[in-house]
Amino acid sequence: MTGAWGLAIDLGTCCVTAATRYDGEAAVLPLDPGRDDHSLPALVLVDGDELVVGREAVDQVTRFPERIIRSPRHLLWADTALYVEGRWIDPVDPVAALLRVVSAAARHRFPDHEPDSTFLTYPARWDEPAQRRLREAAHRAGLGEVVLLPEAIAAARWYATRKPSTKGAVVAVYDLGGGGFDTAALRRTETGFELAGAAGGLDEVGGEEFDRALLHVVKQYARLIDPGAAARIWDAADRSAVMTQYRWAVEAREAKKALSRRRPCLVGGEPPFSPGIQVTPDEFEEAIGLAVRRTVTELGRTIRAAGLVMDELDAVYLTGGSSAIPLVSQTIAGRLQDWVAVEIAPDPKHTVVLGALTDVPPPDDGARPARPWRQRVAGQPTAPALSGSSLFTGTDQGRLYAFDLATGARRWQTGGYVPITGAAATEELVVIGDTDGRVSAYCSATGVRHWWRQLDGPLSTGPRVHGEHVYVASEQSGLHCLALATGVTTWRCRAAQAKGSPPVAADGWVFVGGRKGMLFAVAGRQEEWRVRLSSAPVVGPIEVTGSMIFAATEDGQIHAVPRHGPPEVRWRQPAGVSPGTGPRYHRGRVYAATGDGRIAVFDAEDGRPEPMLRAGAPVTALVPHGDALYVAAGSALSVARVADGTVRRVHGIDWPVEAAPAFADDFVFLCGTGGQVAAVRLESARSGDYGR
């Protein structure tokens, strides 16, 4: 290849990885054809006056263990010389030998030019003397002028291209490699990232310790199966025993990959242990659990040492090969109680070296999302409420979250424990209700509580804001109108007791469906009329148009009542409506989700049934937008085109959406099972699975 190119090298404790950048694209550089991950083992063999690396050194591990230098990076950091084969080895030289092999591989790929830039990454907690020794190793390897870059910042640069962040956002990097653990808190700047405090880490915890823990489990089983045979392997020092020990250790390292994918595996197939000793994923996780918890504790300590708290993090970025073990992300999420998104790359071993060659996009500060994003919250979220540049959602664990619409960055979060039933937002305030009957208002910008009001009886739906008032319906004390600015009660309609049907305000009127099957209309503090729809409670949101009101009752029926004129049911249709979804009006038709995964369609004027649409699974939310209906059904969000009845799936959603989506610009915002909160580009609905 000809033309400008760049090189990045990540000198790990157990292996070295490299990447090149050419024509704007970064790619991993293969260093060892015998390894699936293309890395170079960080082993150096002392062979007289020569230092041998790569496959030749690996092949001599069992033959000449006394001549092997392991983890040269540790020696460089500690500035420790080794006495091997009758001579002292400068700690810089083994690192230079490894870098020399990487340089040769890169120049073989780009023989015509020297790299325009060479990045060399290092742990963020290395001091200046250690960095100088690393530069010296690069000089001895013939790399020329290099740019040193902390590994944590390199990893964050890679993630920044996948998930935009705002200026000032704080992230943590959790780097669990083969021979050690490093962590750091970073702050987003105009040009990239900077350390927010002193980095942390544990030298003794990493993939190699996990290998030893797994091998210990295997050895215990071996001693139970055949104590004599196990002793001949593990208690002997002859060459045959050493070779078997090494072979089992290699098998354990490979088995770790299968166990990380939750698959049982076999280790040690020699008689009498053939076909091998089985280890289950649960046994593996139990063996490494304490070590993983230590890393998460160190992560928390590092964040606190930076003067931060967990709530201030926008995300935790995982890097390093051992971070792919599912127990790692599970333990972090558990410690953070799902307050913070835990992000992991498809190949976390290469995020550092690829990130070193990545151009960081500028921070996103606009209100319009630049790209889809996904976050997680603690508990089941309510339907998203949008206002200005923020998205708000509450959870059944009592927490209220504010996210940046543009990036998904978490702006603030409140504490709490009483389940939130819904949120409504204005430019200045976000108002929530909870199952204890409390209504609270928080500052939209800061999350500071502005006021709260205790009502009699629990709330099963969220409040609604219209003009200068908040409307909320209680199961016991009826419909309340509160002043938005102060929370003071303006009026109350005791009879309008609602369960599962939030109030709707329109043109000075307030409509609400009652728990005894009544539909109420209130105007000017007075109940104007009521009409009985059914003996079953009104459930789900009611739909109010200029001339009609549509409501669903728990017995599955759809009811249409004129807004003006005598309060009576104009038409009623059995539809098998899914609990809690309610009817939706769109362009002269009324749509209702059925319990069998279809969408019933009726003429809005006379209730005449029309051909049904197929959703494919029980519908949990149905929202009209533009010329289409957005349908949440099962683990899918679909778009039903009103014109021709075709249904197509929105790509990028693989989890159940439990609440009605919200829309802004070209994005749909969703909340769903597992604490998922996401922004999905509406363009993703232009292709998918079609059907009637």
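Any Cβ shown, glycine's included, is placed from N, Cα and C.
Predicted automatically and left uncurated, TrEMBL annotations should be read as such.
What TrEMBL lists as domain 'Pyrrolo-quinoline quinone repeat' is 370-414, 479-561, 569-683. Per TrEMBL, the feature region 'Disordered' maps to 563-584.
Taking DSSP states H, G and I as helix and E and B as strand, the domain 'Pyrrolo-quinoline quinone repeat' (569-683) has 5 helix, 63 strand, 47 coil. Taken residue by residue, the domain 'Pyrrolo-quinoline quinone repeat' (479-561) breaks down under DSSP into 0 helix, 49 strand, 34 coil. Secondary structure counts, DSSP: the domain 'Pyrrolo-quinoline quinone repeat' (370-414) has 0 helix, 23 strand, 22 coil.
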